[in-house]
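Enquirer: Pasting in a structure now, in structure tokens, and then I'll have a few things to ask.
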Amino acid sequence: TLVSFLQPFSNTLWILVMVSVHVVALVLYLLDRFSPFGRYRLANTDSTEEDALNLSSAIWFAWGVLLNSGIGEGVPRSFSARVLGMVWAGFAMIIVASYTANLAAFLVLERPKTKLTGINDARLRNTMENLTCATVKGSAVDMYFRRQVE
């Protein structure tokens, strides 16, 4: 299906990853903005206001680290924000490795398909929601199943 790439993780984990990306980006921005050694506090530097890590650059940085894409400009300058960036990179590496392993397992693993042993199989008496049966209308098998349901 179209969303089968989401199957390796549960919905809760996907939501937590999305939230953590934005929380890390916000903390990166705040650490870089208010650090005494950040870009805004150094007087004798060549950094300009455009080079500063703004919130959109921090979000771009967090997503770039998670998706392992190239990160050009807009990187944290303060020591505390860089440490958080390294911790985030380690977390992202674990998440990506787990996703890759689970995706490979989903693609390789075959669902067990057991055959019915006969008309008296217990699965036919206690039908599951995902078990469908087809019979010829009016046949003996059709009548047997109709009597079992009623």
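Each Cβ is built from the backbone N, Cα and C atoms, and glycine gets one as well.
Marked as domain 'Ionotropic glutamate receptor C-terminal' by TrEMBL: 11-135. According to TrEMBL, the transmembrane segment annotation covers 12-31, 52-71, 83-109. Here TrEMBL flags Leu116 as site 'Crucial to convey clamshell closure to channel opening'. Here TrEMBL flags Arg146 as site 'Interaction with the cone snail toxin Con-ikot-ikot'.
Map the listed features onto the structure and describe their local environment.
Expert: Note on the transmembrane segment (52-71): residues 17, 21-22, 24-26, 28-29, 32-33, 39-40, 77, 81, 85, 88-89, 92, 95-96 of its chain, located 6 or more positions outside it, place their CB under 8 angstroms from a CB of the stretch.
Following the DSSP three-state reduction, the secondary structure of Leu116 (site 'Crucial to convey clamshell closure to channel opening') is coil.
According to DSSP, Arg146 (site 'Interaction with the cone snail toxin Con-ikot-ikot') is assigned to a helical segment.
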Enquirer: How many other Cβ atoms sit within 10 Å of the Cβ of Arg146 (site 'Interaction with the cone snail toxin Con-ikot-ikot')?
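Expert: If we count other Cβ atoms within 10 Å of Arg146 (site 'Interaction with the cone snail toxin Con-ikot-ikot'), we arrive at 10.
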Enquirer: Taking a Cβ cut-off under 8 Å, which residues six or more beyond the ends of the transmembrane segment (83-109) line up next to it in the same chain?
Expert: 4-5, 7-9, 17, 20, 24, 27-28, 31, 61-62, 65-66, 68, 75-76
Enquirer: Write down the Cα-Cα distance for Leu116 (site 'Crucial to convey clamshell closure to channel opening') and Arg146 (site 'Interaction with the cone snail toxin Con-ikot-ikot'), rounded and given in Å.
Expert: 18
